[in-house]
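Trainee: My questions will all concern the structure given below.
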Amino acid sequence: MAVYDNRHWLLSHIQDAFISSDDTGMCEVVMVSDNIVRQIPISENDCYPGIEQKDEDDDMVGLTQSFEIHSDLQFGLHRHRSNTAQRLERMEEEKKKAANVIHVKWVTNPVPLTDEERAELFPRKDMCKIREKEQNMKRVSLLTEMLAKCPAMPQNPYQEYAKFDGNAQVGVTIKKYGIFLTMSPAKKNYPMRVAIISTAKVSDLIGLICWKCSVEHPDIVLKDGVRHYGLYIAEDDGEVDWDFPYLDSRESVSKFGFNYLALVELDPTLNHEESFISLEDAVPLSIESISANAKANQEMEEDMKRIKVNMIAIEAPLYKSYHVFILNKVRAKIEVHLGISDDKVEIEPVVQQRISSKFWGRQRAVTHSMDSVVACDLTDYKSNNRASFRLVYDHKRDGAGSEGTGTFKHHDFEADARMAAEIVQKVNHILEVRQSARRKEYIALSERKSHKRKSFHLGPR
Amino acid sequence: MTNTSSNSDQIILATGGYDHTIKLWQLNTGVCQRTAQHSDSQVNALAITPDKQLLAAAGHQHIRMYDLLVSNPNPVINYEGVSKNVTGVGFQEDGKWMFTGGEDCRARIWDLRSKNLQCQRIFQVTAPVNCVFLHPNQSELVVGDQSGVIHLWDLRTDHNEQLIPEADASVQSLAIDRQGKMMAAVNNKGHGYVWSLVSDNEQPTRLKPKHKIQAHKRYALACRISPDSKYLVTTSADQSARVWETENFSLVLELKHDSQRWVWDAIFSADSKYLITASSDGVARLWNLENGNIEREYSGHQKAVTALAYCDQLPVVDNFTA
């Protein structure tokens with residue numbers, strides 16, 4: 001990752017890691033008093049060439065403290081044991097486990113059996129008696145009895161999610177969460193422990209929580225599907241962090257590192273957009289069942305689409321703000337407002353209180369004149385219905401350096417696929433009308449490049 | 001070792017498969033009660049000991065025994081020394097010895113009495129053993145192999161007889177009814193064969209071909225006969241289980257479900273009114289044989305469920321074949 005080429009930062013991170021992973025505490029005593037990195041005179045910077053270098057986005061300001069190293073406070077005030085101690089303990093456990101198993105190895109009978117012995121050891125039971133017994137036996141089944149007692153047990157809609165339970169798996173990586181069930185006043189403040197296999201999706205986690213909840217707390221009334229629920233980030237005391245949206249249910253759980261989450265029943269009125277999306281997604285499927293009616297609908301839909309495209313072209317110069325994520329060099333996502341109007345593009349960070357944002361660089365508010373913007377293309381569709389796109393702009397035109405030829409730089413964004421498409425369309429409509437010299441130069445440049453590559457890609461890839 | 005266990009504890013359903021775990025289920029609620037570790041190997045076959053205290057799991061080079069009374073995720077006994085996959089396992093009705101069959105072309109008898117080797121025996125055949133089944137008379141072991149031969153091994157006399165129902169068709173599964181009147185076998189062509197058994201007390205059991213069923217269009221995987229001897233179930237790679245009447249071998253039910261994939265195994269309840277199936281979609285299903293409906297589903301395995309062991313109230317001797 002890009003950040004690790006800053007040796008100064010790297011050194012300080014190693015130092016911090018040293019202090020925090022040392023059980024004896026000696027390192028802390030020795031090292032914490034003096035910041036070695038700071039003491040090295042800047043003139044002797046051959047070893048730490050990064051110390052002076054400032055990242056263009058001020059990423060590194062005050063970064064000598066490196067990451068915050070989290071100590072899990074779940075175990076009270078105890079420090080974590082070192083890796084060696086843990087490994088020793090694991091070996092000890094394996095040994096104990098093995099000691100509890102009796103191993104019986106196949107050994108052939110050293111003394112061959114005589115005919116008499118064989119007949120004695122493997123006597124033949126009298127089939128007549130067996131038959132008589134079998135025929136007169138009253139066949140009862142506890143299972144039948146049990147099923148008769150509760151014949152119409154309603155099918156638990158969450159049963160299918162039981163298979164994601166991490167506690168019931170062996171040798172599969174799992175993730176553990178404390179889950180606050182906000183719909184139950186009694187369970188609100190005490191987390192339910194849930195372990196899930198790490199390949200599951202967030203929607204599977206919601207299903208598993210509901211399954212466990214229905215088994216462990218039958219008194220809580222649950223709605224009939226995972227779509228009614230969202231998982232919010234929560235504090236360890238059960239306080240829900242409402243500043244963040246609920247986790248995208250299509251994402252894999254392995255992406256999120258939170259220890260505590262809260263299951264929240266979603267407001268059905270806010271659900272509309274999602275159901276709207278799924279409705280539209282379902283359109284191509286419904287075409288399969290062709291009928292005259294469906295065809296008419298389809299035509300109308302195509303017309304509507306055309307009108308929509310025209311509307312976007314007409315509305316293109318009007319200012320519109322989008323809520324997207326900017327991807328910085330280390331591929332960390334930062335939430336920003338992307339404002340697009342006839343003459344400029346504004347990138348303004350959404351205010352975040354997370355500590356981590358300090359390290360991955362706060363996004364500064366940036367404004368690019370539309371004359372300096374040269375291209376905007378979709379770069380990637382992701383399976384989770386999100387897409388990334390790239391905005392290319394001319395660095396020189398934007399003010400800063402006036403000498404030399406202009407360099408093209410770019411920002412990468414990620415947004416909902418539909419929103420991304422709309423933004424790209426909007427910017428391209430604006431660019432089509434404006435035709436700046438810089439853009440021509442850029443297109444010429446990329447055409448030359450693509451000729452070299454013998455590919456037909458326009459724009460950055 | 002207490003006798004205070006409640007009714008529900010007497011019903012045991014164990015499932016095992018490709019995800020290296022064995023699960024015990026609460027039959028009524030569909031909740032997984034316990035997960036045991038079957039490390040390094042899939043589960044080829046499962047069997048419960050006659051005293052209902054241990055569960056045996058046949059895997060690659062091992063037969064592992066798990067304690068059914070104590071919640072311990074690890075095996076308590078490990079039988080080893082077999083060079084290949086163990087494909088079938090079962091017990092003599094008094095729990096004196098255990099029989100297994102394996103891909104090392106051998107059927108074995110293991111003496112279960114500690115430090116006693118008297119009963120240890122090997123029956124060598126020329127092809128990998130796919131299935132083993134003990135005759136209810138407790139002294140004849142039927143062994144089916146990959147080359148299509150069915151061996152009838154008389155444990156008392158060491159005499160053995162062979163028959164080949166269909167050339168070049170691997171025998172996948174065998175079953176004999178409790179009254180010892182008929183034997184069924186299925187092969188990889190999807191054909192089922194039924195024999196009636198004639199037994200004199202002193203002579204070896206003789207087999208008389210009775211019926212051939214075109215049971216499935218594809219690979220058949222397992223067959224079992226209901227405790228009341230009235231039904232035969234065959235399971236197959238065609239994603240179904242079929243229940244046949246043993247009176248005239250007409251098809252009674254075809255048990256299918258949209259998400260069901262290969263059906264590896266099936267077991268009748270003690271009163272022959274329900275059937276439990278194991279499938280590659282990771283789910284075991286409980287079917288009502290009166291109407292063919294699914295009553296419960298047992299889902300929790302990450303991969304295919306290939307083996308079942310089930311024990312109801314009756315003191316049954318279960319024979320389990322892969």
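Each residue, glycine too, has its Cβ placed from N, Cα and C.
Sharing the features that TrEMBL gives for it:
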- B:1-35: repeat 'WD' (REPEAT)
- B:79-120: repeat 'WD' (REPEAT)
- B:213-254: repeat 'WD' (REPEAT)
- B:268-297: repeat 'WD' (REPEAT)
Trainee: If you run through the repeat 'WD' (B:79-120) with DSSP, how many residues end up as helix, strand and coil?
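Mentor: Output for the repeat 'WD' (B:79-120) reads 0 helix, 25 strand, 17 coil.
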Trainee: Can you tell me how the residues of the repeat 'WD' (B:268-297) break down into helix, strand and coil by DSSP?
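Mentor: Breakdown, helix to coil: 0 helix, 17 strand, 13 coil.
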Trainee: In the predicted model, what is the mean pLDDT computed over the repeat 'WD' (B:1-35)?
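Mentor: Mean pLDDT across the repeat 'WD' (B:1-35) comes out at 77.
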